[in-house]
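Q: Pulled these from Swiss-Prot:
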- 15, 16, 20, 169, 171, 195, 319, 346: 3-phosphoshikimate binding site (BINDING)
- 15, 96, 124, 171, 350, 394: phosphoenolpyruvate binding site (BINDING)
- 319: active site, proton acceptor (ACT_SITE)
């Protein structure tokens, strides 16, 4: 089996922060410079819908740290109502973040627009998008099954509200916040279970933590947003795959540079450290309100099996669960997950996708509506094992890491889907292999 050593300086820029930086730049008054913008398919979809809606922007390469070439995006805008009616439906491709968050902005624009996506995105539920926007005064139409296309008749007369999030969703929280920026008063968003907080940090919104554990986000309406520069750190959700590679391949040592260490994004590091993983952080600092640092990962032996059952914990590792599940199964033979029904409405039904593929690899699994359990390995299949990616980048990468680290020969369908979030995935892995 292979061993992996070295430092990673070219992880994809954070996907979540890149989306928000572009959208906030389009809402700002002036020139917004975004340094180290993500080149992933999803983030490029956000830039494309902005341009199709009349926002002027340029994207170019420039010199970055560690001798890298990085992307720089410059957005010119005139504030909250700078958008123009698109001439055709806005294509979000596979990006649920683009579709959901941009819907909040379009709800406040005085024209009709339509948001569409690829075949996968058009199957994902969008009632959670439509409901708060309708309450604020926008007209929103979905398909009969509650999915895209999303047809929005926006209005400049949105009104503020107090909105309690029905599920833990940073995307829904953000779309309500973006709409509320245009509303006629102060909006209060109540978050029972805390999700990633990039939108609040980047907009400088007031937050109030309640004694019962809830968080209230205060969004002032019709306030000018001054343009400011953004720097995008490395994506912790992408880093999860490199961390797993180091932990599965015995004798490996990897350093990941300039990683976003926002506490709402690094729950998986705490979970793995608690299971016996050799993980440490150095060179910590804060840039633009976000914690950043270098993460050192050392393979120190077998990990304890992972049990993820606390709703707050699930919310903070929702994107990393596929890799955590595969890592735990291959390391200890066991894994258990509860309170994660949200996974069934991602790019694929990730619970089912994980179970199907783990069973092909000889693991005994049991799934239920909000999670699943791995109960050990019955037998190791011989020869090449076919893995179904379900056209889901995180499923594809999770099993690719397992195959590379353990030497199991896997044939993964539609492997090019990794480009959605991690275009240089295989290039980085190959650079680390000793």
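Numbers here mean position along the shown chain, with the first residue as 1.
Even glycines carry a Cβ here, placed using N, Cα and C.
Source: prediction; values computed, not measured.
I'd like to know what surrounds each of these features in this structure.
A: Within 10 Å of the C-beta atom of residue 195 (3-phosphoshikimate binding site) sit 22 other C-beta atoms, taking all shown protein chains into account.
With a cut-off of 8 Å between CB atoms and residues at least 6 apart in sequence, the same chain places 319, 322, 323, 346, 347, 350, 421 near residue 394 (phosphoenolpyruvate binding site), listed in sequence order.
Under DSSP, residue 319 (3-phosphoshikimate binding site) is assigned to coil, being neither helix nor strand in the three-state scheme. There are 22 other CB atoms within 10 A of the CB of residue 319 (3-phosphoshikimate binding site), with all protein chains counted.
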Q: Between residue 20 (3-phosphoshikimate binding site) and residue 96 (phosphoenolpyruvate binding site), how far is it from one CA atom to the other, in Å?
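A: For residue 20 (3-phosphoshikimate binding site) versus residue 96 (phosphoenolpyruvate binding site), the Cα atoms are 13 Å apart.
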Q: Tell me, in order along the sequence, which binding-site residues from 15, 16, 171, 195 have their CA within 10 Å of residue 96 (phosphoenolpyruvate binding site).
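A: Final answer, ordered: 171.
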Q: Which ones in the same chain are close to residue 15 (3-phosphoshikimate binding site), with CB under 8 Å and 6+ residues apart in sequence?
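A: Set apart from residue 15 (3-phosphoshikimate binding site) by at least 6 residues yet with Cβ under 8 Å, we have 38, 40, 42, 43, 97, 235, 237, 238, 421.
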Q: Let me make sure I understand the structure: which of the binding-site residues listed (20, 124) has the fewest other Cβ atoms within 10 A of its Cβ?
A: 124
Q: Enumerate same-chain residues with a sequence separation of six or more from residue 169 (3-phosphoshikimate binding site) and a Cβ-Cβ distance below 8 A; give 'none' if the list is empty.
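A: Spatial neighbours, sequence-distant, of residue 169 (3-phosphoshikimate binding site): 128, 195, 342.
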